[in-house]
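Encoded as structure tokens, the structure appears first; notes follow it.
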């Protein structure tokens, strides 16, 4: 549209400062998500978790990041230098870019794209290339195996992930995340999780797999591939991979909230007086907790089972879900 | 030109899942293993040769360091061999103490296996739960003999230390506690879909090949062969207790898992009876000369360690030192079947199968 004409200096400054604030929020989230994850898993495993650096160990992650910054940055002699340096950036940048479309409340959103959902999936799959490149460029056999696994895994799970949300799109009739949330107003019985329960389950499984988290952490399967694709990475390049992983935790938790849990809407109408952002954060955090919780509980799935689960179970289920949703929507229209 | 190449991958000796310093060189076609060559010896200390210059009592600490996860049974096999050669009568109380520590050790050893096996499979928490329970056993051993890993508890003719006051009650209290925790373990792991998919039908072999390879312990019993030296050739006072030998027929990793899991329960049963019958007082050492000089001759004794049949062969020339000492080390023998099992499996299954055999590198390398 007339974006360039509308872009005055003041609006540019607004966007810039907004982006900086978002960056700060996301980095703050990552810092404390790592802390929280270690605490939660510590509690589940009868340990104390980090408790030495700062009060209650709150500065543990800060110290870890500082340590990574100060580490010697090594590049293996036989590595493909250019790709080796490029890979963490490719893995990391899309993780941040997808956050632009997440609507936190009806007002707090950076870009209300009419294809927001598509934008999210299109960009997030670029990260896979970063991981694959990292595995390849390291010139290490374990990294290569990890990279191969991650490519196979992400392709297999991208498809059911996208298919699982088609039901939601059909219900709300839009790809815009804002419209999808608007369609879920008026109490928890309006949320997409109820009519789209199958879609929700498929989405969560596929999302965990996209995140490369337990039980789908095959690309970095510690007990088999030592550390998988980032075996050779050290210092801040390694931190970039870690950062990308946790930013995706943020993104997926936010997306799940938006798509299935009614976004910023309160579960019961009489609770509307509580600010919308509080509801969003509560739902968001429960998804984050769920992701950490299963990490402490489940063993790792095997790579060939992972493939058959993706292609033979999740994808057909997602297709059936689309089919049933369409029929029900049409029937309702017909009887009205 | 696009072509595929076989990948030669060196796994270990520094690798998180090789349980120490085991090394295996695998040829990979994609992720499928076409050839596997184990390389051992990184922890070789020459125990058997060293023993030729040591008195019998001095050899016992070396047995601690062979299978360091199950030091008590190793202590026992050496003492038992010397005692058999000398035809010694062991006091009742000492026999009971030995039996109780060996069964506690079996539980501790299986707990270590259980925890690390699930760690290999990718579940982190069970490891810490297992070590919580193991810690209690280790603390009991600590009270008994002052050590937590290499106990040096048994001597030829009995045991070194008597049970401190209240120790037997601690063992008694531990039994119901452990049973309760085993139920928890079962809930958490044994029925987990992902876990079952990982271990069922993986690393399968039949009874004949198990016997051909000389496997023992849970590796043998998982194929349907009911062979447990505690029952088939009772040593110590095992014939006085009522317990079952768990057997599975599938011969896969899941069968081995179930056998070991059930063995913990059976050990608890033995402990329960042993604690009830524990003699109030009595000697803990038989009358043994200061310098142990077994009569000239040979002896081979074998017992059931948590990992299988551990044997000790002594050739004595009526000297304080053995002329030749040979251990049949179950981990070493059980490991033989590994290259055969690995061909055609994936990298992921390598970890599952290797973990399922339950090796301790101190014992493999001797």
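Cβ from N, Cα, C; glycine included.
TrEMBL: automatically predicted annotations, no manual curation.
Residue ranges A:58-81, A:82-105 are listed, and TrEMBL annotates A:82-105 among them as transmembrane segment. Across A:12-35, A:117-138, A:189-208, A:238-261, the stretch most heavily in contact with the transmembrane segment (A:314-335), judged by Cβ pairs under 8 Å, is A:189-208. Sequence-remote contacts of a segment are chain residues at least 6 beyond its ends whose Cβ falls under 8 Å from one of its Cβ atoms, and for the transmembrane segment (A:82-105) they are 22-23, 26, 75-76, 111-113, 116-117, 119-120, 123-124, 126-127, 129-131, 133-134, 136-138, 177-178, 181, 232-233, 237-238, 240-241, 243-244, 247-248, 250-251, 254-255, 258, 263-264, 275-277, 280. Distant neighbours of the transmembrane segment (A:238-261): 26, 29-30, 33-34, 65, 68-69, 88-89, 91-92, 95-96, 98-99, 102-104, 117, 120, 124, 127, 130-131, 134, 165, 168, 177, 180-181, 191-193, 196, 199-200, 203-204, 207, 210-213, 229-230, 280, 283-285, 287-288, 291; these residues of the same chain sit at least 6 beyond its ends, with a Cβ under 8 Å from one of its Cβ atoms. Among residues of the same chain six or more beyond the transmembrane segment (A:159-177), those with a C-beta under 8 A of the stretch's C-beta atoms are 101-103, 109, 112-118, 120-121, 183-184, 192, 195-196, 198-200, 202-203, 205-207, 210, 255, 258-260, 310, 314-315, 317-319, 321-322, 325-326, 329. Beyond the transmembrane segment (A:273-294), the same-chain residues lying 6 or more positions past its ends with a Cβ under 8 Å from any Cβ of the stretch are 33, 36-37, 40-41, 44, 104-106, 108, 208, 211, 213-215, 249-250, 252-254, 256-257, 261-267.
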